[in-house]
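Asks: Pasting a structure here, questions to come.
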Amino acid sequence: MAVSGFEGFEKRLELHFFGDDFQLGLRKIDFESIQLVLEQVQCTVVSAVGNAYFDAYVLSESSLFVYPTKIIIKTCGTTQLLKSIRPLIFYSRLIGLTLCSCRYTRGTFIFPKSQPFPHTSFKDEVTYLEDTIPSNLCFRKASIMPSMSSSHSWHVFTATIDHHDQDNELFTMEVCMTDLDPILARKFFRRPDDGKTGHSAGKEMTELTGINDINADALVCDFAFDPCGYSMNGMDGDWYSTIHVTPEDGFSYASFECVGSVNANNIGHVLRKVVQIFRPGTMSVSTTCSGYSNEMWKQMATAVEPLGFKCRSCAMDQFPAAATVVFQTFTPRRKST
Amino acid sequence: MAGSSEEGQVIGCHSVDAWTQQLEKGNESKKLIVVDFTASWCGPCRFIAPFLAELAKKFTNVIFLKVDVDELQSVAQDWAVEAMPTFVFVKEGTIIDKVVGAKKEELQQKLEKHVATASA
């Protein structure tokens, strides 16, 4: 492993709000304010698109999704994601919205020593979250979900008010992949002086790698970084998906995230396509369902089995009035024994 | 002439009549037209708006039109606009290119390309 390199593992924050205006809600926050939030985190917008349901931003470090009552912000590298909470609470209050739930998740950093405060350790992150989140979000829990290998675990913090209505049909899937197949990873490098914009080079990668086949109905907003790296957001009605790739050998990383319905049975198909695009040496799949059951994990294991991936660990944890999280890790069969 | 005061501006079309008129006028002039399909509630539209205004100042031989998809729903439907912002490039009545999303570099590069072809 390289001594230091780009940290692919993202930090992810999901905030839910309530208030009188459910129609536009958070989408009314002006762009200057969003920019100020992103400045705190230390990233910028590289491309963006909106539909009838939400706005999706590709950032210099990952992605931001703004729904009327929900914000999802995911950033990689050495960004200071948790610093976005205070300004987001402030700007949402200006438009009459109040925070009612917060969920922070991340994997295990490849280069933990490079992380700035408050991301220096999970303990520091939790302390920062505890201090930042309004006291009425009193149902809180922090947990590190283990895998068989100590180098890979799933960090979860949730906080919520007493009574928080949630869509019990929705689930979120977060896939983190390391040790990508080097031949496949090479597709996420640009040719020097290709004369293309990051947008057109990104579009080419989307097509060349088969990312556009994951969900053919989705509108894709993509970007290729120079000299390498790739980000995309997909929009399919009110559902988002997002992919981020750090292809450099030694610390290669790719993530896929999407929302889906617990009643639809196509998620296995989606995961299979993702695995085929990256062929990772190690993969973790975290599914979060609102409510107190989470059966999604069975589908995941069955889906990647035919591709030679074996489920090495499976941990489940419940979070007060918030969600049930299942964290699974997979490696190819040949790597076992 | 009305055209001269509009030069360098993004012209908002607030009725179907105004839209049809601007489009016809633009097509007759044989200039490149860039139509920005936008929405007041769309954050990415607000992100790109200042940049579009700058481009309009810079590319004075291009006509920039702006259509609010809520205000002119029928136009947005006819033009199959599903995501905002959508920029449609029109030349003499024909759609020659499209940019979906707020993509600064891409928008500028396509503008430069089509302006070059137009004057070649």
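Cβ atoms are placed via backbone N, Cα and C, with glycine included.
Pulled from TrEMBL, these are the listed features:
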BINDING   A:PHE6, A:GLU61, A:PHE225, A:GLU248  substrate binding site
ACT_SITE  A:SER62  active site, schiff-base intermediate with substrate
MOD_RES   A:SER62  pyruvic acid (Ser)
ACT_SITE  A:CYS76  active site, proton donor
ACT_SITE  A:SER231  active site, proton acceptor
ACT_SITE  A:HIS244  active site, proton acceptor
Asks: Around the recorded substrate site, report the further residues of that chain (criterion: Cβ within 8 Å of the mean position of the Cβ atoms of A:PHE6, A:GLU61, A:PHE225, A:GLU248; site residues excluded), sequence-ordered.
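Replies: Everything else in range on the chain: A:GLY8, A:CYS76, A:GLY77, A:CYS228, A:GLY229, A:THR246.
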Asks: List every residue in the same chain as A:GLU248 (substrate binding site), at least 6 positions away in sequence, whose Cβ is under 8 Å from its Cβ.
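Replies: Same-chain residues close to A:GLU248 (substrate binding site) (Cβ under 8 Å, separated by 6 or more) are A:GLY5, A:PHE6, A:ALA185, A:CYS228.
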Asks: With every protein chain in view, how many other Cβ atoms are within 10 Å of the Cβ of A:CYS76 (active site, proton donor)?
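Replies: There are 27 such Cβ atoms around A:CYS76 (active site, proton donor).
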Asks: Using DSSP, would you call A:HIS244 (active site, proton acceptor) helix, strand or coil?
Replies: strand
Asks: Should A:PHE225 (substrate binding site) be counted as helix, strand, or coil on the basis of DSSP?
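Replies: Going by the DSSP assignment, A:PHE225 (substrate binding site) belongs to neither helix nor strand, so it counts as coil.
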Asks: What same-chain residues, at least 6 away in sequence, bring their CB to under 8 Å of the CB of A:PHE225 (substrate binding site)?
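Replies: Expected: A:ARG190, A:GLY198, A:SER231.
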Asks: In whole Å, how far is A:CYS76 (active site, proton donor) from A:GLU61 (substrate binding site) when you measure between their Cα atoms?
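Replies: Distance between the two Cα atoms comes out at 5 Å.
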Asks: Given A:CYS76 (active site, proton donor) and the residue listed as 'active site, schiff-base intermediate with substrate', what distance in Å do their CA atoms have, once rounded to a whole number?
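Replies: Checking the Cα atoms of A:CYS76 (active site, proton donor) and the residue listed as 'active site, schiff-base intermediate with substrate' gives a distance of 6 Å.
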Asks: Relative to the Cβ of A:HIS244 (active site, proton acceptor), which residues of the same chain, six or more apart in sequence, are found under 8 Å away?
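Replies: Long-range Cβ contacts: A:GLY8, A:GLU10, A:SER62, A:SER63, A:LYS74, A:CYS76, A:TYR230, A:SER231, A:ALA254, A:SER255.
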Asks: Using DSSP, would you call A:PHE6 (substrate binding site) helix, strand or coil?
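Replies: Note: A:PHE6 (substrate binding site) is coil by DSSP, not helix or strand.
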Asks: How far apart, in Å, are the two Cα atoms that lie farthest from each other among A:PHE6, A:GLU61, A:PHE225, A:GLU248, the residues recorded as binding substrate?
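Replies: Overall maximum Cα spacing for these binding residues reaches 16 Å.
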Asks: Indicate whether A:SER231 (active site, proton acceptor) is helix, strand or coil by DSSP.
Replies: strand
Asks: So if I draw a 10 Å sphere around the Cβ of A:PHE6 (substrate binding site), how many other Cβ atoms end up inside it?
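Replies: Cβ-Cβ neighbours of A:PHE6 (substrate binding site) within 10 Å number 20.
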Asks: Please classify the secondary structure at A:GLU61 (substrate binding site) using three-state DSSP.
Replies: coil
